[in-house]
Amino acid sequence: MATCAIQQSAFVGQAVGKSQNEFIRKVGNFGEGRITMRRTVKSAPQSIWYGEDRPKYLGPFSEQTPSYLTGEFPGDYGWDTAGLSADPETFARNRELEVIHCRWAMLGALGCVFPEILSKNGVKFGEAVWFKAGSQIFSEGGLDYLGNPNLVHAQSILAIWACQVVLMGFVEGYRVGGGPLGEGLDKIYPGGAFDPLGLADDPEAFAELKVKEIKNGRLAMFSMFGFFVQAIVTGKGPIENLSDHINDPVANNAWAYATNFVPGK
């Protein structure tokens, strides 16, 4: 089933997203008009998280959802008060950005808490607190991965920066621009060689995994924001803050810090 919207434009079109599970847009010369098409995921109506009867952001109290939020994509709860998804091209771009940021946030949240947990259980780190760890590279001995100089021994911030730019830039460029392993695959959910475990083989299971990914990713983005605020306000890592709160919840909570916090002190 396809929903067509004709918008005024005069450029030769393009096709974005070839996977049957993704947002399909075809733009072509049609007089002075442009045809934009969306293709609904075939397996979506069989899942409670997709379609018209999917859960809404306020449950039974949700207002009329916008007509352009049809429930064909994971994480669509019918909420768009700012109209960010009204334009199909903007919607497609924002979906891609959200999924990518969700994945980075999930990795980041794990990286913020895991070293502290290991440190509290006897694993030696030069610095286990996430926002202090990078400063170890400026110390006399440099930065050792997991405290072991035989793994990764970094002493140059410029070398680290160059490696990140080159390696991460290459991967991101490959994802966006395509290549032998990614040709003809979707930019958000490539599958193929990028799915060695075959998680996308079953369309129904894959549709559910997309929902789980976006929900956990959104939670991780909020978590990272909380870690940033904690670091600024308390100067401690998330695990130490949690431990302090458990030991004395009255003195260590958001309200107590908010009423006593003075920026710059």
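Placed from the backbone N, Cα and C atoms, the Cβ positions cover glycine too.
Copied over from Swiss-Prot:
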type     : residues            : note
BINDING  : Y57                 : chlorophyll b 1 binding site
BINDING  : W79, S85, E98, R218 : chlorophyll a 1 binding site
BINDING  : H101                : chlorophyll a 2 binding site
BINDING  : R103, V152, L181    : chlorophyll b 2 binding site
BINDING  : Q136, L146, E213    : chlorophyll a 3 binding site
BINDING  : S156, E172          : chlorophyll b 3 binding site
BINDING  : Q164, R175          : chlorophyll b 4 binding site
BINDING  : Q164, F261          : chlorophyll b 5 binding site
BINDING  : K212, Q230          : chlorophyll a 5 binding site
BINDING  : N216                : chlorophyll a 4 binding site
BINDING  : H245, A254          : chlorophyll a 6 binding site
MOD_RES  : R38                 : N2-acetylarginine
MOD_RES  : T40                 : phosphothreonine
TRANSIT  : 1-37                : transit peptide
TRANSMEM : 99-119              : transmembrane segment
TRANSMEM : 151-171             : transmembrane segment
TRANSMEM : 219-239             : transmembrane segment
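Under 8 Å, Cβ to Cβ, and six or more positions away along its own chain, A254 (chlorophyll a 6 binding site) finds no residue. Sequence-distant neighbours of the residue listed as 'chlorophyll b 1 binding site' (same chain, 6+ apart, CB under 8 A from its CB) are Y77, G78, W79.
If one looks beyond the transmembrane segment (219-239) by at least 6 residues along the same chain, the residues whose Cβ comes under 8 Å of a Cβ in the stretch are 101-102, 105-106, 108-109, 112-113, 116-117, 120, 128-131, 257, 261. It is 27 Å from the Cα atom of Q136 (chlorophyll a 3 binding site) to that of H101 (chlorophyll a 2 binding site). In sequence order, G75, D76, Y77, D80, L84, N94 are the residues of the same chain, not among W79, S85, E98, R218, whose CB sits within 8 A of the CB centroid for the chlorophyll a 1 site. Between the C-alpha atoms of S156 (chlorophyll b 3 binding site) and Q230 (chlorophyll a 5 binding site), the distance comes to 28 Å. Restricting the binding-site residues Q164, K212, N216, R218 to those with a CA within 10 Å of the CA of R103 (chlorophyll b 2 binding site) leaves N216, R218, listed by sequence position. Among the binding-site residues listed here, namely E172, K212, E213, H245, E213 has its C-alpha nearest to that of E98 (chlorophyll a 1 binding site).
Among the binding-site residues listed (S85, H101, E172, H245), H101 has its Cα nearest to the Cα of K212 (chlorophyll a 5 binding site). Packing around W79 (chlorophyll a 1 binding site) is summarised by its Cβ count: 15 other Cβ atoms lie within 10 angstroms of its Cβ, all protein chains included.
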